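The following block contains the structure, expressed as structure tokens.
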Amino acid sequence: MSPVSVISLPSDLCLPTSFIDRSGRELNPLHITIPNVAMRRQGKLMTRASMSVNLRTAVSDDAVIRRRGDFHSNLWDDDFIQSLSSHYGEPSYRERAERLIGEVKNSFNSVSNEDGESITPLDDLIQRLWMVDSVERLGIDRHFKKEIKSALDHVYSYWSEKGIGCGRESVVTDLNSTALGLRTLRLHGYDVSAEVLNHFKNQSGQFACTLKQTEDQIRTVLNLYRASLIAFPGEKVMDEAETFSAKYLKDALQKIPVSSLSREIGDVLEYGWHTYLPRLEARNYIDVFGQDTENSKSYMKTEKLLELAKLEFNIFHALQKRELEYLVRWWKGSGSPQMTFCRHRHVEYYTLASCIAFEPQHSGFRLGFAKACHIITVLDDMYDTFGTLDELELFTSAIKRWDPSATECLPEYMKGVYMIVYNTVNEMSQEADKAQGRDTLNYCRQAWEEYIDAYMQEAKWIASGEVPTFEEYYENGKVSSGHRVSALQPILTTDIPFPEHVLKEVDIPSKLNDLASAILRLRGDTRCYQADRARGEEASCISCYMKDNPGTTEEDALNHINAMISDVIKGLNWELLKPNSSVPISAKKHAFDISRAFHYGYKYRDGYSVASIETKSLVKRTVIDPVTL
């Protein structure tokens, strides 16, 4: 390890400082004034910005002055997790749910046997779409895959270049049915063109809607907005539909009374689609479903759907409690609580996983994602702040050896980090091997090695203060974003087969992986660049863009990055939903949804460094609290 050298600064610098020993254990914190002292990493000056008051520094027992992020501690302690209780795991609730599933299936099937009263050839298409949309938004669609396909096949058989009407015998097409059909069919991989929406414009090129904002009219525009969010690259009409419908709905919210409809509109405008995690949507939709005119007019009794949705939500809640208890035991057993230099967000990561994958059989995915993200966070804080460049180079080499004996050359605190990476990656590979029927360790190790290399590059930029070109930073940043390593092993533990040709369409070199990694890097940087800069991490998408384009402002850079994000989202939509793909949507959905989960975490701010109100609310609404039956 190279010695720490000191140089003079022009004025005294007061730093909130903690003492930390070699194992990473925090000693008594205190404030001291360090006169005229700054640190060099590997002979490179760390600027005053890197020693700002947003960062705590610490002197370890080997006299190394370490940078340390000022992060709050774990919010969900062991006692709290153990105090959670649920009786919804009892067999009687599962039996009750199974009876309701059978009744709802009968309701689905009754659509095919039209009685001329509750459903007719004049409304059979919209009824089918409403049914599919309802079970999906309530989070119970996994029970009705066969019925959903049958319903959508029927709707698609009547789809035309001008859209559809409410029923197969409708004389004219209908914007509400067409918008809901476009969205629902596209989400299931049917080949439907957005150009169909052009047929609902007037001579001025505007979407034809009456000025009078009736409930039916508002719902039509709401479905138009929801459809516009499932846009593919180059679809101008979808951009126009989104702009028009968003403005219309915001205006409507100012005029209509507070109601289930206004809450539904507010939720959809707030989350859109890419950050509206399925379990969160189910939790919110349960609160409003069955309270509006549209649902009460439906041929299907909403009470059955609502009761089933609540039961399924709470039955999964009981499983979440058991999985959380296991996760906390793993976290403690791994030695993570002693790693005081890093963030501990394993409960938040588990919450994100359970919001995108709440099928009971995907326990391995949820726990694997939480573990992988915890490791990523530990490594992030070690490479970005706590470790010295010499130490990080040793750690990077040790990871590539993949042998516990490689820890002999590491500082004490790094030995614990190494072993949690080594043990957890090996354990997750064993689970993946069982699911996939082949060895996966070497393939997954390669992904982790590339990830560590990308971190090492960033550590060198931090040490030197270098701001690379945007392209260089962006390509490295997509790897260091961690999307690939957070997704790879968890998806391999599912019951979905991933032969080599399928894996290539989800992992590298797929466009899906590239775009999912891109959105995490781009959105993460827009939320973190100021705090990172205060810690001495100068390189970001924003700073690199400004360097490449002299004279541009931060606002210019942010506008450019946000435009890139919009394009990336459309590209992701296409990679997931493109028709006639050789890889089914089900094989790509988990990796895609992981990008949605990370995007949610950065929706308002950096929700990983600081557990925001929104993050805490997500944990409470989707994991901690059951719904009232």
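For all residues, glycine too, the Cβ spot is worked out from N, Cα and C.
What you see is a predicted model, and the numbers here were worked out from it, not measured in a lab.
So Swiss-Prot has the following annotated:
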TRANSIT   1-48  transit peptide
BINDING   Asp380, Asp384  Mg(2+) 1 binding site
BINDING   Asp380, Asp384  Mg(2+) 2 binding site
MOTIF     380-384  motif 'DDXXD motif'
BINDING   Asp532  Mg(2+) 3 binding site
Between Asp380 (Mg(2+) 1 binding site) and the residue listed as 'Mg(2+) 3 binding site', how many Å separate their Cα atoms?
12
Name, in the order they occur in the sequence, the residues of the same chain whose CB lies under 8 A from the CB of the residue listed as 'Mg(2+) 3 binding site' and which sit 6 or more residues away.
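The answer is Asp384, Ser540.
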Per DSSP, what is the residue count of the motif 'DDXXD motif' (380-384) in each of helix, strand and coil?
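Secondary-structure composition of the motif 'DDXXD motif' (380-384): 5 helix, 0 strand, 0 coil.
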What count of other C-beta atoms do you get within 10 angstroms of the C-beta of Asp384 (Mg(2+) 1 binding site), across all chains shown?
21
Counting across all protein chains present, how many other Cβ atoms fall within 10 Å of the Cβ of Asp380 (Mg(2+) 1 binding site)?
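Taking all protein chains shown, Asp380 (Mg(2+) 1 binding site) has 19 Cβ neighbours within 10 Å.
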Within the motif 'DDXXD motif' (380-384) only, compute the mean pLDDT.
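Averaged over the motif 'DDXXD motif' (380-384), per-residue pLDDT gives 93.
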